[in-house]
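Pulled from TrEMBL:
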DOMAIN    11-328  domain 'K+ potassium transporter integral membrane'
TRANSMEM  48-69  transmembrane segment
TRANSMEM  144-163  transmembrane segment
TRANSMEM  183-202  transmembrane segment
TRANSMEM  209-228  transmembrane segment
TRANSMEM  234-253  transmembrane segment
TRANSMEM  260-279  transmembrane segment
TRANSMEM  291-312  transmembrane segment
Amino acid sequence: MQKFYKATLCLAYQSFGVVYGDLSSSPLYVYKSTFSGRLRLHEEDDEILGVLSLVFWTLTLIPLCKYIIFVLGADDNGEGGLIPAGGTFALYSLLCRRAKLGLLSASDASDDDISTYNSGLPRKETVASSILKEFFDKYHSSRIVLLLLVLLGTSMVIGDGILTPSMSVLSAVNGIRIKAPSLHENYTLFIAGVILVGLFALQHFGTRSVGYLFAPILLAWLLCISIIGVYNTIYWNPHVVSALSPYYVYNFFKKAGKDGWSSLGGIVLCITGAEAMFADLGHFSQLSIRIAFTVIVYPCLVLAYMGEAAYLSKHKEDLQKSFYKAIP
């Protein structure tokens, strides 16, 4: 038992360097992106607290409730998918083998039996699953729609995997221009490009090496932004804690109207990389990922967003550089 807990904690530590990089670097650009459109016309305390409330509930409902509680339990014999888009295919594979919802109705029964044997769990068919199965059996076109949805979801995750590293690294490197405003943008683009090439080159050494290399860096990052968040909340505006109430979400849309709805594209950036918790399940374990997120990542991110909102409530002119300006 002691070896099990030791191995789980070791995996949880390694997961910081592999799973949570995108999710933990989101504070660099969430507020800036959210207020980059028409929402800039609503830079008041109610809107800032509303955005904080939206970020908090997005982090709570999707990574914490959806992924940690439910999605991680829907693994395919311990695999979530060894590629970023693999999670979508893992779920589709389960549907094809267990419920026979694939386009090829004559599925390989031996594969299905092996999968069931390896899982060690008996298959239970609920009323809801029976109704769904009957529907897919009756309407063959629905299976085509299901496959298209899988391909769409996979394409979106691949797109996220391409855009997020670029956005994260470029946003981080742009912080240099806060202290060196004369630095030309071309230099920041070049530095970001070199870093990205280096990061992708490191993948050659495998998950274990990358995990051990980046885990202390990410833990230091999370610790720093959470401490800064606590400092800014206490120093600038302790009242932002009340934004954890969902009332501020309602008040935000009431005040911002259509401009508030159009800003949701910026809000969703706070969960970029959350899908890695399922996609990288094959490298780690359910328990290790759950421990790392709930104990360290989630509270640190909430404190970081809270502190930045507290600073913004008193320095609305720094909105486009709020992450760096908020560092004391």
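Heads up, the Cβ atoms here are built off N, Cα and C, so glycines get one too.
Owing to the predicted nature of the structure, the values given are computational and were not obtained by experimental measurement.
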Proximity verdict for the transmembrane segment (260-279) and the transmembrane segment (48-69), three or more C-beta pairs under 8 Å: yes
Most Cβ pairs under 8 Å with the transmembrane segment (183-202), selected from 48-69, 209-228, 234-253, 291-312: 209-228
Outside the transmembrane segment (291-312), six or more residues from its ends: residues with CB under 8 Å to it: 8-9, 12-13, 15-16, 19-20, 23-24, 26-27, 30-31, 48-49, 51-52, 55-56, 59, 63-64, 67-68, 219, 222-223, 225-226, 228-233, 235-238, 240-241, 243, 270, 277, 318-319, 322-323, 325-326
